């Protein structure tokens, strides 16, 4: 066997492993939040970015083995941004045989008309886009709307709300739309962005750049994203542990008196969630909760951790 053949075999092996991990992550999220049910018609919002391409492929893959029957329809919103390559997505979707609809709405023109030059257009653009997608879901008879946000997006939103909004609020894997008519799901909620990046690169999706509108980037979100990536590099497992924390909320040990009845605590009350451990030196596990090393990752050094040592 030639060296090139060996390299190709290894690349295919790694790609298969990566696809299985993404399938497992998506399958677990679907099961945990009951995202997809028998007979669902899922409207997959396809932006042309790595996340939505990956979401569509994994959902199509799961469709073959899922215990329930569901259908998919891909939807792209052509907002008439200058330079938008409108032929790319139809060609790709035709090539893989997926039902799709391209919705053409000149939201770009509306935003440019309403927002002064130099101001961020994202808020108005998002509202317009959301309304069009909700209307399209109704027209297509879709029972669920699938968005391509992943685990890193959810964590970034959590920190954005904590740092700038004063709220302990993230991005839910499943929710009712703000018009009260549609169920929105995020099947990639358990998927790591770096896995999606590697998968999209290997698949060579026809990625459409996301900066065609010329809008300024969300600098606050970019700061949070850079911070989390730095933590992930310096402290392997921290990202997984933080996401696990979002799934293990202890209201009695926070400070929201609307969420927990602190006023009702009196002599003789039951001990809730272990009582007060605040004066004890809290022992933390040597290996971060929820972290599992992949073949291409090294295990973190097993030094003892305590609250004071976490930076």
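Heads up, the Cβ atoms here are built off N, Cα and C, so glycines get one too.
Annotated in Swiss-Prot:
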{"type": "MOTIF", "residues": "47-52", "note": "motif 'PP-loop motif'"}
{"type": "BINDING", "residues": "122, 125, 213", "note": "[4Fe-4S] cluster binding site"}
- Determine the minimum-neighbour residue: among 122, 125, listed as binding-site residues, which Cβ has the fewest other Cβ atoms within 10 angstroms? 122
- Item | Residues of the motif 'PP-loop motif' (47-52) by DSSP state, where helix covers H, G and I | 3 helix, 0 strand, 3 coil
- Query: Looking only at DSSP and grouping its letters into three states, which state does residue 125 ([4Fe-4S] cluster binding site) belong to?
  - Reply: helix
- Mean pLDDT, the motif 'PP-loop motif' (47-52)? 96
